[in-house]
Amino acid sequence: MDTAHKIINGYALTKQEAYDLYTDETIDTFTLLDEAYAVRKHYYGKKVKLNMILNAKSGICPEDCGYCGQSRDMKRKDRYALIPENDIIAGANAAADNQIGTYCIVMSGRGPSDKEVDHITESVRQIKENHPQLKVCACLGLANEDQASRLKEAGVDRYNHNLNTSENYHDTVVTTHTYEDRVKTVEIMKENNISPCSGVICGMGETAQDRIDMAFALKELDADSIPINFLHPIQGTKFGEMDELTPMKCLRIIAIFRLVNPTKEIRIAGGREVNLQSLQPFALLAANSIFVGDYLITGGQPNTMDYRMIQDLGFEIDCSNLPEDTAEKITETLEA
């Protein structure tokens, strides 16, 4: 195969070519992953970006997303409103202490109220004062122009709003908002010079064509960062009994997303531990970014395990926007 060589030299795969690569059973997954690694290495070397999530508001949501344990159909006991500013700031302090490059503040719900945006912006201003090098990502749901402008002014660097699935499959996943609603929010953030982060959830019953459509939709949207989540089935949700992924299938998905979006930050995100299992390290041959710590309502593995995984691969944490002593602190953590 010379796919990687062509891409590195400026060639862009067509949708049909990507589909053929992804579905051709004569192409071994590790062969495809090797092509993805060549592309990843060309653009990002062996560096890995670290991201951390704070669940700032949980379970209070009118939406019916079929994958989500915080949807309107789930009567969770651990629901809570937007947490105090001090707790949001404390989360950022913890992120900085753990050598994290991007701190993501996440809220459940359809979208933020203006009062909630005020709350977030005040928190972000203090975070930026304390940790000017820490990138702040907001994930607050559907947002409007005025809210985007205020978030930008406060110092928000990135906004996450996932497409989650293909346009064709969207209404099978959720009915309380449209695919176009999601695209519009990402476009609004771009118009306000906030870096767009948008990704997918795989393993919800979508087809191979849906996955290729997702990869190209994100390419067209020009998302700077693409988190790839793998369904972690939650009992009681629409997809709570779904179990169609294997570690090798997950690796193939990550590989094709890299080949379609060669220059973008591709992150292995929610569900990586339960779906990739012992093959987690191989995902970083195509992806160049991970979430560390816990997710929204499911647990992750200890940070030190991720640091060790990166080190064992011969890779290194991307410290480009972190304090100068970050690399030394990581080494001290691993040797402790």
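Cβ coordinates are placed from backbone N, Cα and C, and glycine is handled just like the others.
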Original post:
Given that Swiss-Prot lists Cys104, Cys197, Arg267 as binding [2Fe-2S] cluster, which residue among Cys137, Cys250 does it place in the same site?
Top reply: Cys137
Subject >> Between Cys197 ([2Fe-2S] cluster binding site) and Cys65 ([4Fe-4S] cluster binding site): CA-CA distance (Å) >> reply: 19
Subject >> Cys68 ([4Fe-4S] cluster binding site): secondary structure state under DSSP, collapsed to three categories >> reply: coil
Original post:
Over all shown protein chains, what is the count of other CB atoms within 10 A of the CB belonging to Cys68 ([4Fe-4S] cluster binding site)?
Top reply: 24
**OP:** For Cys104 ([2Fe-2S] cluster binding site) and Cys68 ([4Fe-4S] cluster binding site), determine the Cα separation and express it in whole Å.
**Re:** 18
**OP:** Might you list, by sequence position, any residue in that chain lying six or more from Cys197 ([2Fe-2S] cluster binding site) with a Cβ less than 8 Å away from its Cβ?
**Re:** Cys137, Cys139, Arg158, Tyr159, Asn160, His161, Ala223, Asp224, Ser225, Ile226, Pro227
